[in-house]
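Everything below concerns the one structure shown next.
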Amino acid sequence: MALRGPLSRLLRSTLSSCQQNRSQSVAILGAPFSKGQKRRGVEHGPKAIRDAGLVERLSNLDYAVHDFGDLTFKHLEKDEHFMHVPFPRTVGRANQLLSGAVSGAVGAGHTCIMLGGDHSLAIGSVEGHAQQCPDLCLIWVDAHADINTPLTSPSGNLHGQSVAFLLKDLQNKMPEVPGFSWMKPFLSARDLVYIGLRDVDPGEHIILKTLGIQYFSMRDIDRMGIQRVMEVTLDHLLARKQRPIHLSFDIDAFDPSLAPATGTPVNGGLTYREGIYITEEIHNTGLLSVMDVVEVNPTLGATPEAVEATTSLAVDVIASALGQTREGAHIAFPKIPEPKEDTELRI
């Protein structure tokens, strides 16, 4: 699992304060990884999102875009199940590698965009972010809570257990999963908010209720409206102090009619306008530090149009989180142009 080329140079760069202004510098990290679940194809997500025009879109927003390419993951030939959890050591090592890359990007002063890959990658992404910004808060936009433990998970898949690895509040409920000895839980339940939930397992439900985690299901969004949901979210996380935001965005948070090329679609998801409003409001805080976009699986689109719709939506969400507005990006014309004296009138 060696880092090569630009990624290795990134990690060797001088680290700077987490509070450094990184508003005009973006690092893109690709994580083509699928072993946190059983469906192949999600490892092609980073390339598909790039091919949909991500770098060009962000460059047009006047960012200095540094695309550090894809991490290289080696899959262990011998990686026995732990309980009913598949590939625990492979997933653990992949996240350790990703953690170092995200830590390096944030420490170098970039806003970091991590392209997955499955949602187990958030373990390493958030952990690496926390190395530089230990007071971060986490907004998890997803149809699923991904907070099962190996003892509650129906499937055993680690992409449905990511948050459990992060929370200090679950430390005594988590067995020692092989491959994860490199990390310790660091996040408090009060520093986490979910948006978009609509497929929560029984074990996850009791965890959410027992820990008092703030969450907004799709029913809550229907009842309150997305504007109020974001007001409560940001007040909950930022009222005590302003701090870096980690946004972990699973594309299946959107309704499958908008994002069909994903592995675990659930009907009744976010509309386009709701999803974009979430990212607009996060951008408006000026505190976004790292964003994950995960679970884009181009092999699961029934048609090329379905794949294009999903990847284009991923680009829209990222661009919105970085300042693209539905009023237009105010870059090209900082003021109203005035005619010069020698300007000829053309009829």
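Numbering starts at 1 and runs along the chain as it is shown here.
Placed from the backbone N, Cα and C atoms, the Cβ positions cover glycine too.
Summarising the annotation, TrEMBL assigns Mn(2+) binding site to His119, Asp142, His144, Asp146, Asp250, Asp252.
Cβ atoms within 8 Å of the centroid of the Cβ atoms of His119, Asp142, His144, Asp146, Asp250, Asp252 (the Mn(2+) site) belong to the same-chain residues Trp140, Ala143, Ala145, His159, Gly160, Ala253, Thr264, Val294, Glu295, site residues excluded. Considering other CB atoms within 10 Å as the measure, the emptiest surroundings among the binding-site residues His119, His144 are those of His144. Under 8 Å, Cβ to Cβ, and six or more positions away along its own chain, Asp146 (Mn(2+) binding site) finds His119, Ala122, Trp140, His159, Gly160, Gln161, Ser162, Val163, Asp250. Sequence-distant contacts of Asp252 (Mn(2+) binding site), defined by Cβ-Cβ distance under 8 angstroms and a gap of at least six in the same chain, are Asp142, Ala143, His144, Ala259, Thr262, Gly263, Thr264, Pro265, Val266, Gly269, Glu295.
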